[in-house]
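A quick write-up on the structure given underneath.
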Amino acid sequence: MEPETPTKAHVVSSLMSVKKKSGKTFGEIASETGLTNVYVAQLLRRQAQLKPDTVPKLRASLPGLTDTHINQMMDFPLRSYDPSIVQDPTIYRLNEAVMHFGESIKEIINEEFGDGIMSAIDFFCSVDKVKGVDGKDRVVLTFDGKYLPHTEHKVEHMVSRLNLQKD
């Protein structure tokens, strides 16, 4: 009988336990691995795939990671989320901010780049802490995505059509 595959929640719980035992923050792990703090969190939450070149750095930063952990992190991730997380005030406010500023952000992207979008695949994200002019802590979110222009849909550029016409 084959061993049962652990659930994503079980894997994430185990990975987060290793992080907690290390006593390190996402930022500290990020500095030691050369990754962004958000990408480190995504790796440990199984929202991103660990690449072979990063394994030695991550092992050095989190020596509690087992071979099983590494193999799980190198597997294709399930980039899902629990819909109930939208109830969390931080996530709710983030959604609210994007919805509130989204139309203006879209207009500026179009004005600066043309008709297109910001990629969420070729995308970097970080969270930083700075002091405001009033001395209070402020959250800085950086979304750094590749610009992807919308394309005109010409039949002559549609490879599948071209292949069908050859037959």
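Note: Cβ is positioned from N, Cα and C throughout, glycine not excepted.
Per TrEMBL, domain 'Cyanate lyase C-terminal' is recorded for 80-153. Under DSSP, residues within the domain 'Cyanate lyase C-terminal' (80-153) fall into helix, strand and coil as 30 helix, 29 strand, 15 coil.
The active site annotation in TrEMBL covers R93 (among others).
Non-local contacts of E96 (active site) by the CB criterion (under 8 A, 6+ apart in sequence, same chain) are absent. Per TrEMBL, the feature active site maps to E96 (among others).
Feature annotation from TrEMBL assigns active site to S119 (among others).
Residues belonging to the domain 'Cyanate lyase C-terminal' (80-153) score a mean pLDDT of 93 in the model. In this structure, the CA atom of R93 (active site) is 22 Å away from the CA atom of S119 (active site). Counting only same-chain residues at least 6 apart in sequence, those with a Cβ under 8 Å from the Cβ of S119 (active site) are G145, K146, Y147, L148.
Using a 10 Å radius centred on the Cβ of R93 (active site) and all shown protein chains, the other Cβ atoms total 11.
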